[in-house]
Structure formats: structure tokens, C-alpha cells
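Visitor: Marked as domain 'UvrD-like helicase ATP-binding' by TrEMBL: 24-417. Per TrEMBL, ATP binding site is recorded for Ala45, Asn46, Ala47, Gly48, Ser49, Gly50, Lys51, Thr52. The domain 'UvrD-like helicase C-terminal' annotation in TrEMBL covers 435-730. The feature region 'Disordered' is assigned by TrEMBL to 845-864, 873-903, 916-939.
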Amino acid sequence: MHDGMTAAGRLYDDGGAMVGRDGLPFTAQQATAIARREGALLLSANAGSGKTSVLSERFVRSVLEDDLEPGRILAITFTDKAAGELRARVRARFVELGRRDRARDLEAAWISTFHGLCARILRSHAVRAGLDPAFGVLEDAEARDVRSEAFEAALAAFLAGEREEALDLAAAYGVDALQATIVRTHDQLRSSGMTRPALPPVRAEAPDPAPLAAALRAAQADLAGLEGKTIAGAGAALAACTQLLERNAPTLAGLEAAAFRPGNTKALKSDACAAYLAALEVFAGATRDALAARAVALLNELLGRHADAYAAAKRARGALDFDDLELLARDLLADAPAVRAAYADRFERVMVDEFQDTNAVQLHLLELLGGERFVVGDELQSIYGFRHADVRIFRAQRAALQQTGDAAALAANFRSRPEILSVIDDATGDLHGPAHVPFVAGREAADTASGARVELLLTDADAVAAWPPETLASLPLSPERRRAEARVVAARVAALVGEEGVDPADVVVLLRAATDMAVFERALEEEGLTTLAAGGRGYWGRQQVLDLCAYLGALANPRDELALFGLLASPLVGLGADGLAILARGTARGARWEALASAFVAGERSPVAADLPDADRDALANFCPWFAAERERAPRLGLDELLERAVDRTGYDLHVLGLPGGRRRWANVLKLQRLAAGFEGRRGRDLRGLIDLATAELEAQARETDAPVEAAPSNPGGAVRLMTMHAAKGLEFAVVVIADLGRAGRSDADDLLVQGGRVGLRLRTVDGGSAKALDWEALRDEQAAAGADEERRILHVAMTRAQERLLLSGTFEADRWLGAPRPAVAPLRWLAPRVVAGLQRALPEAPDGESWPGDPDPAAPAPRVTVTVHRTPPAMPRALPSPVAAEAPGPGLPEPPAAAPGGQLTLDLFAEPAAAAAPPPAGAGAGGPPVRPATSGTPPRPLPAALSYSSLSAYDRCGYRWYLERVLRLPREEADAATAAAACGEDPAAVGGPAGLDPLVRGSLAHLLLEGLDLAAPAPPGAEAVRELAELHEAEVTDADVADLQALVAAFVDGPLAGRLAAAPDVRREHGFVVGLGDDAAPLLHGVIDVLAFEAQGGALVVDYKTDVVAGDADLEAHVEADYGIQRHIYALAALGAGAPDVEVAHLYLARPHAPVVAVYDRADVPRLRADIQARIADLAAGRFVPTDEPHRALCLTCPGRRALCHHPEELTLRDAPRPSAPTG
């Protein structure tokens, strides 16, 4: 026994075999990995194979058996939590072995993340690195703000002087997409090692027109004198080619016009025609690459400007971001040999966990540090490609070390039951190729009486339409099939808990994305289960968090009237809607706290105070003196203490605990106190900084979990967890439910792709053209293949979290199963047939709602898998909330006051005090509309350099909703058509579009189908083409939806505008534009036109497709003027600015294709159009956010202010759209 070791803690058993903590033996593979401490070693470790035990034991034995000091071992993990756990394990092992001295020495050990290591190196050598030793590190929220500001500055400089090529680029791609592209590329290139990112140089030769010209002449001669419709079309293409060659700058539209299809016409299949088409393709490819090279140069300029602006903003703050830590530490070690040598001498051994998630910069750092390197990872758990982790590094290192015998593996899995492991291996093992190491079960099989370890829960998507509407009405807005699946999953989890005694805390529901986590959360809660959402985006938007942040904001600055009114409306004070409205109207903007302090602290006479309801006056008299004194005390109190005092003083804790789910709500309050204390520890007592952080996290929809909560007495087991598959990595649960497997993946690729020295660009031009240029197609295919591989690895990670049971759930459509994965298809389509052989044959006869064995061997002692198909709803929870009030307004949001005859009080936070009450407008009696509130105004806000017309149109429709969503960033209301119908006393089945498809999805698909229509020979698409398009864009469509979409395209084809577009010589679809308003101080307007055509006579025709459902006798002109008036004007300016002498702007309602709504403009209208738009922008800049005069369901259903903030009652906001009055004059 080693000196100082206790009898309980040993390194070897009596037979000399290596043992670990608590005397547990290691497997032969683990023992080999621990013993081989000299030289390099790469360990491929299966999920659940005990790699952390191997890491910690290697550390311990390096110290105790190899006499290394802890400070001479570098151990790197990928999260602070993992680093803390590794340190704790090593310390506990030292203590177990009786070596408390070595446990104390761990304080000097280098056990950290890459970022922690780099920060420590840079602070130790700050002067040499050119840094202030006190540099800060930007939190994610702050870094997001800095990046956004940097791009705004870069874009403004890029567009300065209205350079034509810069404006065209912004118009073609759109400002928002351009920002996403530049920021993503900036981050990608920095992770690859670039300190100042730049695109690889692109050299494209100018197209040589001579071969095409010769082929053109030969083709013209070959077709001379021939007649026929298709030959005439080819002749028109040859004529277009002649015009193309006469221009010095060929365009994508010109190239498209010069092409023709031979079809079955024999004359067009001649050698001359074939040679012409081949020459055209060569010329077109060279042209595309030349155009793309110029676009890439502009993108590189914008990228550089953004990089410089971002770096300058960080310097101004004295801060670095996480990428800076790695890049600057690498540069320091590479450029300072003495520093590099010192660290190489310091670290005799280097250990790296999760090596599959490294990037090029981190690998370079490891190489610079030297030392004997032990790395451990699992290729099948490499799931962070979106963070620029590069699994190819792991593969290359493994291949190199296998050649020298320095690679090993851990195959045993001690986490999952053997039945689960065998299903995973059988279903997915062969898909992973050489990376797959078959599992060796480290646990015994379960008792056969305990049933199958794997369950397949299938919800028939085609049958969901027949479910009673009330079955799904209380669940948040989401596709029907997903809500139906949530019901199935929740019912099964409730059965496991209630009938089989499973502890809820042992259950996790895993989702690929957090998008619909609220749907599954609500379904579980309605089954009476406590839930805990982790990895979602809900915490910062929880009402209690908003209430207390409003309190802190008002405490920091009571002139912040958003915070002040939020505080006053919350249960911390408790003012009602009438009191808030009286205060808003009766006091001056910016001086409302002073008015309150004068009345309720100083005791001065106040007409506003006299007008308040008694309860509101008493609440303010109780609150204001304490709040004023608290403001004086605030600088001397900790941030968490401020919160605690407010909660105690106001009784907010009792209020929260009395709400439904009060225990979890209260836990979130306590979590906010802890976050405040942690913020103060990092940043000091910066109250304003904490509020800014909370606001930024809310706006960014940051992933922050709810606080953990102990089980309620009625649910003693605990809470069911919900999290994303990514968030579950590194965790384990007795019961894992992987849901939403019927959701299709995404297959879209970015416009700009960069890999190594290659660049690919999906070229977009202002004439509506789009083309794949440079290496875009090759890079897209490589990216798609890599993405599909990663999706399979993500699923592997999710399945290997399960210890006792694995439930796989999803919605399915009959006859759409696959034998192997394909990019972007729903995982269930290929996974289910691999889990259950013969599934497709068995489904038609499968019983509804009853489980049946899914194993092919009926003689097996017990099935590994059972299958349950749900075509009808499971048994509903005993008590469901009302569909109208599925979730009551959060505390602090008052119910809307009832409408009074002749008018209505309004919660207008920004109105100037009214001099006198205005009389109601004529006809505004009890049955009339509510009185429009006075035009409001917030302090002017700086406008961005570019503003989308869609944003301006949204403001035009309802300024108040625009403010709530785009300034306050409040999430949309969770509501659906059935909820709205119930609220209005209507039949839920009568609400919505013709086929029930979400209107936004329906419109998007229709636009895509119309965009791809061949105008020369237009025809509606086939059903399969519609389905493929829907699948490509993650839309779930029924047969009725497909027929509806085909009918929309057919309506256009049969209408009068199709012929005009076919005859136009220049047609630009999805035409991006940027419009200046003739004023350098005004923002540029940008957007996309569905179709812009320049007709033979020189005028322009703009066509905007509308898929709105309209009545047969609806006044379409009034509809367009009411809903799209500003859009008309902007489209007209765009067309006139493109050189047209006049333009017709046609809004084409596909429900009535023979009645397009047309407005005509010419150049004389330009000053008037600009003035009108500038007036709208002026209202926006001045902060006039007035609610619409015409509320209705289509506009208001998902508005975040509908339930409690808006002054319109629900009988107006949930009504059908009122018929617009016909325009006069």
C-alpha cells in the first residue's frame, strides 16, 4: 500500500488489479488507458463508458505514482461545470486515498476550459500581449449588442455616398440577411484562426464572347426559314443572345432569356443548336463567376468594415470576447518564444476532454503548449458544428495515432440497459461508418416482467384533423399534428408516473429545437405534472422576472417610464388600468415620478391624485414614500438585497406563491436574486448594467432555464424535465422521451459559403436573378452531407441519455417511410422502420392506442420494443383550463377596462397631459368603436441606416403592436384559431384558411410555387412537387392543403396578369430593391417585390401576390388601401427609381384573380410619394405608437398586448376584419 493511503482507499486490489473510487475495478480498456501515461494517446470513448473516471484517475496516478506536481498537469474541459466536476472528483479521490496534502495542492492545478486557460495566460502576460491586465470578457448578451452596433456602423459606412454597387448588393440580399451573413462569416473565420477575418481572394476570368458568337451564328443559320411555335421561341432566345453580346455587361436575366429547351422538336436537336447551348453554358458560367467575384469583393469590404468596427467597440470597452481569448493567447505563444517555452516546460502532461469538439485555433494552442497529450472524445457526440467545432480534427488525429498504435477505445456502456443499447446499435450503428464502435453492455438486462425497454409512440398526422377541436384548443399555437403528439406524450408520461410509479424527476422530454417546447410543457402540466424547462428561452420573459426588473429599472431611473409603469401595474404596487390611464393623461411625460413624489411623498395637492380611484390612491400613498426612501438607500445595498427588500415589503412572495404553479414562479424570483448577486460579483454594484443585461437577454431570446423547484406535496416525485437534445449532452435520465421526431430538418444553405481557400456564392442581383456561382454548389453539398452526419450524431446523443427506458415519439404519414436517412427529412421516417422491422406492413392493421410488440422474433422472452399508434386522442386530462384563458394574464398586467358609453380609458404611457376631455366622435355610442387615444410620443429614437418596407408597413397597420414587438421585444401571444373562435362564440372549424394551413406558411409556399413558375408555359404544379417543396421548408401539409396551393397557382395562370408577364421582355422575380428618399438623414428603404416587369412600351408592372382569404363581395380596393397603402408607394418609388417612366402596382388576390387592384404612378408622383413615406418615418422616429382604429382577428390574434395592454376589448380584437370603407375622392 502506498504511504499515507487508507485501507478504504486503494489504487490496487489484493490481486494487484487496478481499482478506482470505492474500490471499484476498472475494465481492461479503462485500466489500459489509465496505465498508458507516457507519450501521446487518443481515447475514443463510447457514451456512458466512464471516460471522466479515466481522466480523474490518470490525474491522480500522475501525481501519486509518477511524482508530478498537480501544477505541472494541464487538464482542459469544455464547460466550467465540467471543470469543477473534474476538480471535485480528483480532490475526493485524493482524500479517499488519505492524501489531503495533495487535495490542498489542487488549488494550484490548471483544470479549466480553453477560455479559462487563455484568460489566465493573457492576464499573466498582458503587457506583452498589448492588453490592459484588467481587461473584461464580454458576456454573450453584451457581445450580441456590440456586434449589432458594429454592423450598423459598418453598413452605414459601406452605403455612404449611395454607391450604386453597394446599394445594389444591399438591395439584392436584403439588410437583415446581409447582417446574418457577415456576422456568421466573421465568427466562422475567426474560429478558423483569422484575427481579422477576410475572404479568400477570388479570381474569375472575364467571359470570352467569341465562341458563343460563332455558335450563335451557326444556330441562326441552321434555323433560318424554319417555322413552328417552339422554333419561334428558340429564335427569340437567339435574338436575346444577340442583344446580350452587344452589351458590355451581361446580366443573369439576359443569360436566362438566351436559353431554350429543345424538347421533342427535331430541328432544335441539331448539332448547331447543341453547340450553341453548350457555348452558352460556358459563357454563362464564366459570367456568373465574374459577377460573383465582384460581389465577393464587396462582401469582403463589408466584412472588413464590420471586423474593424467590432474590434474598435471592444477596445472602447476594455474588453475581449471569447474568440479573442483564444486568438490572442495563440498569437502570444506563437510570437513570444520565451513565453511559449515557459509553458511548455511547466506542463509535463496535457489532458483534453471532449476532444471531438475542438476547432483549429484550439488545436494550434495545444500544439504550442507541447507536453505529452492525452485526449479523449467520441466522434458520435460531436454535435457543435454550429459553434464551429470541427469533427475532422478528431478524425485526423485518430487516424494519425492509429498508425503509431497510440489510439485506444472504451466500448463498454454502464449507463443504459442492454436492450436499449442493442436497439441503438441495430437502428443506427451502420450509418456512422468507421466511427461506430459497437456497445458492450456494462449492465445486466432488465427483468422480462418489466416490459419493453424501448417504446415507439406514433401519432397519425392524417387522422389528427378529425380530433375534436377542444382536444387541442388549450395548447399554445403550433401545428395541429405537433399539439396532438404533445397530448400523446403527456398522457404516456402521466401513465408512467401514475400507474407504474416512475418518479417525474427521472423523466426527460428531449426536443431537437426549443421552438415548440411550450406545447409539450403545457400538455404535461395539464396532466397534473410539474415541469422544468431547461435550454429553452423562457426565463427572462417570465412575468415575475419582468415585474422585478421593472422595479429595478424604476429604482435606477424613475424617468424610465416603461419601467415605472411596469412597476406600477405589477402586484408590487397594484394600480388598476383606470389609475394608470389617469396618471398617463394627467401628468407630463418625463415628469411622472416627480408628480407622484409631489403628491404622495411631499403631500402637496394634486388634481391627478384626486381623480384616482380610492384603491389606487391608497396603493400609491403606501408605496411612494417607501420607494423614495429606498432610492436613497439603494447605492449602499447589494443588488440581490434590493430585490429581497422589495419582495418582503410588498408581500410579492405571498402573491406569487398563491398563483398556479406558484412554487416554480417563486423559484424564478429566488434565481433572479442569485443572478443579481453573481452579476454584482463580476461587474460591481451596477444597477443599470443589470437591467441592460436582462433587457438584452430578453431581446435575444437567450437560452436560460427556469429555476429548479422542489416537488409540490401533491406531486412528491419532482418535475419532468424538458430540454433540447444539445442541452442534454453529458446528462443521464432513467426515462428519456425523444419527441417531435416527425419534424423535418432544414436544408437551406447560406448565400456565402467559405471553406479553406474556397468561396461559393449564391449570387443575387437587383433584377431578381439568382445563380449558383464559384464553388457554391460543391460547398453546399459538402455542408449538407456534414449536416446530415451531425443530425444523426445528435440523435445518437439523445438516445444514449437513457438508463432504463427510451421512448421515441413522432407524427407520421402513411406510405412516406424511408430505408435510409436523407438530408432534411424527418428522422422518424427512416428511424422507425429500422427500430421495428416490417413496420410499414403492420401499421394498417395496428390497433388504435394499444401497444404491440415490435420485435421480429415472437419467440424472444420479452420484446425489446413496443409500438403504439394513436389515431384518436388519448384520454383527456381531468381538468383543462378554459380555451379562452388557457393562461391567465400574468400578474401585474391589468385586465382591460370595460368600454364605457361614448369612449374608453386607454393605457397610454407616453401621452402628453390632456388639456380637456375631448367629446366622443359622432356615432361613438355604446355600440360604436372605442375612442382613439391621443397621439403618443416617446423620446425620439435613432433610426437604422436601412429600414425594411415590411417593418414600415407593420407600423402603418398598428403602431402599438409594432412598439410591443419591435421595441419591447415582447413575444407573440400564444393563441390559435380555435381559441379565437371560442372567445367569439363561433364554430372553431369555421375559422382559418380554406385548408387549415397556417396562413403565413400557406402564403410562403404559394409565393415559392409562383416564383418557380415557367411564365412561357405556365401550369399548376403537380401534387408531389408541392409536397416536396413543403417538406423542404418544414411545412406539414395535408391533401387538402396541397389542392389549395395548386388552386392558388392555377388562379394566377388563368388570370389576366399571367399573359402580360409572359409577354414582357424583362421580368424580374423576387426583385430586391433599395430606395433613397432624397434626404441623407432619412434611412434607406429596402425590400423585395414579387414580380417587377418592364413591358414593351417602356412602362413597369409590379405584381404583388396576395393569398388572403377574402369574401366574394369584398371591396378589394379598400382592402389594399387600408392594409397595403404604404407598400404601394414604396413599390412605385422602387420601379420609378429603376428607370420606368410610369408604373402600375397591382395587388393580385389569388382568391379573385380576375380583379387585380391596380394603382398607376409616374415620375411626377415621386415628390408626393417621398413626402408621404417621410411623414410615416417621422411618426415612427418621434415615437408615435398609436393602436389601430380597426382591430380584428387577423391583425390582433397573436399581438402580445391583446389580452391586457391594448385598450381594445377582445370582442373587437377577435372579430372578423371589418369591411373597409371605399376610398373617396
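Note: Cβ is positioned from N, Cα and C throughout, glycine not excepted.
Note: TrEMBL annotation is automatic and uncurated.
Here the structure is a predicted model, which means the values were calculated and not measured.
Locate each feature and note its surroundings.
Guide: Thr52 (ATP binding site) counts 17 other C-beta atoms within 10 Å of its own C-beta, drawing on all protein chains shown.
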Visitor: Please give me the CB contact count at 10 A for Ala47 (ATP binding site), counting all chains in the structure.
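Guide: Result for Ala47 (ATP binding site): 23 neighbouring Cβ atoms inside 10 Å.
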Visitor: Taking every residue in the domain 'UvrD-like helicase C-terminal' (435-730), what is their average pLDDT?
Guide: 85
Visitor: Around the ATP site recorded as Ala45, Asn46, Ala47, Gly48, Ser49, Gly50, Lys51, Thr52, what other same-chain residues have a C-beta within 8 angstroms of the site's C-beta center?
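Guide: Near the ATP site, the remaining chain residues are Asp378, Leu410, Asn413, Phe414.
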Visitor: On a simple 10 Å Cβ count over all chains shown, which one of the binding-site residues Asn46, Ser49 is most densely packed?
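Guide: By the 10 Å Cβ neighbour count, Ser49 comes out on top.
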Visitor: Relative to the Cβ of Gly48 (ATP binding site), which residues of the same chain, six or more apart in sequence, are found under 8 Å away?
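Guide: Correct list: Asn413, Phe414, Arg415, Ser416, Gly442, Glu732, Thr800.
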Visitor: For Thr52 (ATP binding site), what is the secondary structure by DSSP, using just helix, strand and coil?
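Guide: Going by the DSSP assignment, Thr52 (ATP binding site) falls within a helical segment, counted as helix.
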Visitor: Which of Ala45, Gly50, Lys51 (the binding-site residues) has the most other Cβ atoms within 10 Å?
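Guide: Result of the Cβ crowding comparison: Ala45.
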